[in-house]
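Presented below is the structure to which this report refers.
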Amino acid sequence: MAMLSVKPGQRFTLPNWHTNSHLISADAERQRSASHQVRQEARALYNETNNQTKWDEHDNHTRLAERISSVNRWKETLDKCLADIDAEIDALAKVKEAAERALQAKNLPLDVSIECLTLRESRRAIDVVRDPVEEELHKEVKVIDKAKRELQQRVDEAFEQLCLLQEARQQLSCDHQRKMEALEIDRMCLSLNVNSPNISFKVNPTRVPDGSTALDEWEQNSQRNKEHAEAEIKASTELREATVLAIAQTNNELEAQRVATEFSLRKRIRDLERAYDELKWQEQNTLEEIAEMEEDIRRLEEGLRRKTKDLKVAHTRLETRTYRPHMELCRDQVQYGLTDEVHQLEGTIRALRQKLAESQDALDALFRQLHRIQTDTGYKANSLVLDNKCLDSRRKLVVPAEKFVPEVDTFNRAAN
């Protein structure tokens, strides 16, 4: 007879089975309840975190936009400062070039003044006088030297100020460049979203980078650069005004001195011309007086010769009458008359000889005076030539350089 096989293992009772079923159902209920609680909490957390993320993203988007706006305002401020400082650098450079040209232009008046002083050193004898022309020429040299020193100082100050402006511009330019880079970075950050292809996890992104500055420091740095640039622009503007004023003032002083010098020179030339004309007039009158004196001397000599002959006649008559015989040798009226005539002629001859000597002395004095006049006339003529050369040389100060061709380069300088 066949036997039923019995599986080995524990056998549970029916109550155990029911109990197990109830336990499973209870556990399922608890798990579903716990799952429902987790789901509700997860949904709440999801909604909360999603809202928080959206608000955080919105806030940071707004902050980025505001930061971009703030940096952009500073960039525009720096743009204006850069434009202002560039304009000031250009204006100061032009004024500096004008001062350098004015300084270079002072070489010609200085050369002319020295040339005039050198020319006037060729005056001779009594004409080597320290007259107002020489004083004005020395004063002109001093005025030119002073003008050159002042203009050179302005040129040096302008150069130093240009260096300061360039330094301030460099600071502005660096700050401006950094702000441009910061704007580009922040604008790129503003454009990022979850769909951007270049987003990824980074290592320790919340670290504080080395060299980070506080917002106040950032603001103060830009403000400091702006104020520094504005201060240098103000100093440069004042220097430009002072330099332009110095150029005008030195030009006015030099022009006034040039006019004074030329006035003295022309007055001196007129005085020399009058003195020269007076000497020529004196020379002519002296020559006429010499001619008349020589004629009078010839007349005196002729008269002396005649009186000598008359005296010889009277002497001969008297001597001849001494040979009258005996009683005829009487002292008659003829004898007295001839004797008186001899005395008269001798006195006349003495007077004529004395007057002839005086006339000869006067003639010698006239000749000496004529030589003195002619010598002084030569001095005056030489001085006139020199002063007229000075006046002609000073034409270079008023005739445009392209129209003036100097005849001789006295000091071996190139024509300015």
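For all residues, glycine too, the Cβ spot is worked out from N, Cα and C.
In this model, the coiled coil (134-161) carries an average pLDDT of 91. Per TrEMBL, the feature coiled coil maps to 134-161 (among others).
The feature coiled coil is assigned by TrEMBL to 269-310 (among others).
Residues annotated as coiled coil in TrEMBL: 342-369 (among others).
Beyond the coiled coil (269-310), the same-chain residues lying 6 or more positions past its ends with a Cβ under 8 Å from any Cβ of the stretch are 341, 345, 348-349, 352-353, 355-356, 359-360, 362-363, 366-367, 369-370, 373-374, 376-377, 380-381, 383-384, 387-388, 391. Within its own chain, the coiled coil (134-161) is flanked in space by residues 92, 95-96, 99-100, 102-103, 106, 109-110, 113-114, 116-117, 120, 232, 235-236, 239-240, 242-243, 246-247, 250, 253-254, 257-258, 260-261, 264-265, which lie at least six positions past its ends and keep a Cβ under 8 Å from the stretch.
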